[in-house]
């Protein structure tokens, strides 16, 4: 789930935390509970992201559409749903799998935004054709107005 | 090892035997055939399944929503030994909490001497005396312990040189009950406090074997005899229906910013929990209090930080005038948020707005040296280019006061239990709890202070877990659900899935958003609100004529967005009706027809607190407005009924913490 650099940072932070004496006497008012006093307080890394096996390309596209439109913050909602509108239907299998990894593996949505806007360098594991497409798309060379995520009707075959 | 087990649970999703116990056959559906072949040619062979496989689960507790509050509740319950399910429509670290870049307020006293009672005072005042002082007492007193607890869980707070948690200043925080200057009590993790919170809590909860049902869309509560018995949800991955039988249900589904055209929230903030509660026949509280942030990008709504104006950016109208000079001669563009929002709205109303519809203003930055823009405000340049197609070194950014937070929500007491108000008393609804932005304890009252929201999440998420643990034992036997519990929800789902009316989901949604934006925005007046109520009512009726196009059941985004629209409509109807009824100005609810001066609102309290109280008669309950609104809505007709309940003015312990009597709010 975490890229190597992120998990390494967390591990270092956790090491620093465990060297600090744990704060024992927390407020006792109103039966305060929840201080998990365990011998080992190192932060647990999240379970690694795993690709879904046995999913047809059509279903993958539908899932990635949902996952592009429903993000953690508005900037990504708009950016990724516009990107999905432009590219998702025409992506081949390799591209779909790259895209799947790109939007589902990182744990912090802001990271995807920073990589797409090139405010931060993209980690190697996410670099590739789809990331390049996203970066180019983000540049908005045609200066189109991106006021909102598109509604879904572009998928409605019956009105074409 | 536990982590590996938990990992397989997370990825395996369905834990209990998935043999469908029963199926739902919705009532005979009328098929729409269009002989002229224009649209909606419903082919009978088009895989329209009349049967929905249902899977039943039993847990001690089910939490709906996996943001900061939901994760904290799920973690607390799992840690206390309860078999807990967490049902979420998003992967936990993708909840809207991840957008939070501010911090958590807590009176730790690391930067200067501090006392949680001063934080208590600031919060009560910030809420414009609509906040319940017992809940505020609970939250501010627990704050230091809550932050230290998060630190113990491994959350990497920013540190001072001597290793203590670094705290910074934030709006509305003062020392010595407002007399000691600015307080520094906001603890943060660089600029990713929200993400760090989610990551920490999610990781911890997996260690305690919380069962996550990710990308399941919760449809409704299962209410029986006024008691909550669990929830019913749709699994997006395979289209199956899941009923979660649990003695305790915690709702932590967040706010409903998406009811407005312009909001800073992600597209996932659709008020699902509020709507579930409303359909269960329960009230929502104080929905008319919606917080506006002055500078969100027009249309997109992405937040442009106040720092822009701090660096010299100015707001201009269609005449190129720096209009803030008129409204706030001293502070100008750096006046407080609600003052700036109201000024911008007045300009637009008086016809000096910009753009083809003259409905927004400009934020000008191109008079600043490009060097300064690049170094101090790099994020702004990118955001403006990406979302407004604007080059900030050459053109101004279109901005509008933007919906940012919902102070209102599901009414609870300070322990997190959902309440209703009958016969002059607060009555607990058995089995139902709420926390986070979805809940209304009410700590924010009529206006929320910055950095209090993340605190609200962890304190009340924990409070729900504690209350459940106090009153229940893990593994308690509970009566099974009725065979047809949740039938109505599935019938609605089916109806929406095959809806073939005349108005598309996106059309109704846009109409609703534009109506709310023009009629229930920053400045509200009686006639405009009344007009808005009528328009919204008409819009509500168009839901019967809705049209969807995706007939599948697996990963049907069209269907989910339609269900979300239904939820948003319920929230929007209650919001505008409650705003129309409240005839005063308080906090974020500013009525142009009830104001003392152009910018200062007029509260209608039980006494006039701007004058000495001696010799004043206390106004009876039905003649003043220092009370909470409780709104009910009939989902079939859209009719909203309003009731009121008093504000709790006593703290939990008068000796520990004296309650703050109401006063005129000035900074």
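Glycine too: its Cβ is placed from the backbone N, Cα and C atoms.
Residue B:337 (active site, proton acceptor) is surrounded by 20 other CB atoms, counting those within 10 A of its CB over all protein chains shown. Residue B:337 (active site, proton acceptor) carries a helical DSSP state (H, G or I). According to TrEMBL, the feature active site, proton acceptor maps to B:337.
If you look up TrEMBL, you'll see B:65-70, B:88-103, B:272, B:437, B:453-454 marked as FAD binding site. In this structure, residue B:453 (FAD binding site) is part of a helix by DSSP. Less than 8 angstroms from the CB of residue B:453 (FAD binding site) sit B:100, B:405, B:437, B:444, each of them six or more residues away in the same chain.
Cβ-based neighbour count (10 Å, all protein chains) for residue B:293 (substrate binding site) stands at 24. Per TrEMBL, the feature substrate binding site maps to B:293, B:305, B:404, B:448.
What TrEMBL lists as domain 'FAD-dependent oxidoreductase 2 FAD-binding' is B:60-454. When averaged over the domain 'FAD-dependent oxidoreductase 2 FAD-binding' (B:60-454), pLDDT in the model lands at 90.
Cβ contacts within 10 Å of residue B:96 (tele-8alpha-FAD histidine), excluding its own Cβ and spanning all protein chains shown: 28. For B:96, the entry in TrEMBL reads tele-8alpha-FAD histidine.
With respect to residue B:98 (FAD binding site), the closest of these recorded positions in Cα terms is B:404, chosen from B:305, B:337, B:404. A straight line from the CA of residue B:305 (substrate binding site) to the CA of residue B:102 (FAD binding site) spans 11 Å. The two recorded residues, residue B:404 (substrate binding site) and residue B:94 (FAD binding site), have Cα atoms 18 Å apart. Here the binding-site residues are B:69, B:90, B:98, and the one whose Cβ sees the fewest other Cβ atoms within 10 Å is B:90. Other Cβ atoms within 10 Å of the Cβ of residue B:65 (FAD binding site), summed over all protein chains shown, number 33. In sequence order, B:90 are the binding-site residues among B:69, B:90, B:305, B:453 whose C-beta falls under 8 Å from a C-beta of chain A. Residue B:448 (substrate binding site) sits 11 Å from residue B:337 (active site, proton acceptor), taking the CA atoms of both as reference points. Between the CA atoms of residue B:65 (FAD binding site) and residue B:96 (tele-8alpha-FAD histidine) there is a gap of 10 Å.
Across the structure, residue B:293 (substrate binding site) and residue B:337 (active site, proton acceptor) place their CA atoms 6 angstrom apart. Annotation: B:94 carries the greatest number of neighbouring Cβ atoms among the binding-site residues B:94, B:102, B:404 [cut-off 10 Å, Cβ to Cβ].
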